[in-house]
């Protein structure tokens, strides 16, 4: 590390590369801004899916919507890693800029502004770096930190977007001044005097943009295969591989993890509505069966389409005399955990694709996929596709 | 890869520059490059804007700042409501750690590597390959950074469908591919003749393509 051989701390002028330039910060900041915006909006959608306020109507179609949004969430978050590093590299000299402190009476306002701006950047960088780190580790189901993942990840997202808007407010004149491309983007700019002429060895801004875009594309291509099975074989940086798991489908929570015992012949399925109906597994199999092609799309970003067979929830509602548009509570045999129950809003319960599934990809559900019965619905996060279902309750 | 900056011949054919480490660096086409660094004299077309920002910009900035502070406070409120005191005390340590890892490890490492590479690039004939080597190192570095958690957690997944690959083998394959592509490009670059007049047809065609792209870029810029 060349800068470390100096006895004194580096200053803003210690970094000779002409690529530490507002134009570079503007272009890479634009890319990072797009990635953060997509990541935030798709993450917000996922949050609203899992904690839907009363006023919000989430449609049950398109059936693969959540698969796409959550795949994008993880993709943009992962690609943001090289973008954030490139952005930090570009503005790195600013880290060593002298604070105008202590200020004179005349410059007090400016000095206060600078300190506040530095604080907002500290908030932005720390929150974004930690957010990307814990988000990526969550896709591996690895939680080595002493705070709850979901709540922290969600709250930090608002803090990041807030700090980003403040950052944009502060930098807006600089951003506008460097928004458009100039011929200087193509030309390597002067390097330190001990090097060859920059046209020979230097990197132009456009060269840097291409390199950074290439790094993002490389990371993206090497990880998107967990959501796009066709690219699964080359997804060497993805924690999931399509086709791996019981019945060719990955699992998030196994029966063992969920504390679900072996299912005996005395197992009964109950639906509590205007009438209470009870079925054995054989009786469920004797009901009219329907088929759905629906993906399992997990909050951790992986997704895979599958072929499900079972009884339409809307048929079950009809059998027990409940109105077509009913809200349904789905109760699992799962012991504890956040997702032992879930609620199907009326539009999901009424969708002809929504099943109480008994079969997957041509055979009875594996115990890890929710044997004897699970819910599968279009446009829903995997954690809400409740497994080991033994009761449906029609809510008023 | 950056074909533009990998082709020093582009400029030297029309605008020869003496290659000497002692010479004061001067961009070969500085005369036709409009100044746009911070140190350049202000553009007369833009200086009035800078002196008196337009009211719409002021309004937009104020709105961004107000909404931003609102979002940030909302996030803070969410944290205070959903985290235990113990977690709230430890979270700032992790936030600080994230800054340290970025600003005092990853970025200095990149800057240090870039500094070494720039020094190396002064050597004879190194200018031909420096861009490719820089890109190869960067790609190997960033993919390794992302692979580290996968390598650390290999075999420790909660169930066999999490981290099902042989990530060490896949990481070696990925790095080998990146390095192999880099070496291939370097070999092609070293075989490229200095003067386009002596070059094989393919190289000449590529150069012509670049030159035409460069000239269209000129028109875009103006």
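Note: Cβ is positioned from N, Cα and C throughout, glycine not excepted.
Quick caveat, the model's predicted, so the values are computed rather than measured.
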Examine the ranges A:5-26, A:27-48 and name the one recorded by TrEMBL as transmembrane segment. A:27-48
Out of A:27-48, A:68-89, A:155-176, which stretch touches the transmembrane segment (A:121-143) the most, going by CB pairs under 8 Å? A:155-176
Counted with DSSP (H/G/I as helix, E/B as strand, rest coil), the domain 'Oxidoreductase molybdopterin-binding' (A:260-394) has 23 helix, 53 strand, 59 coil
Overall pLDDT of the domain 'Oxidoreductase molybdopterin-binding' (A:260-394), taken as the mean: 95
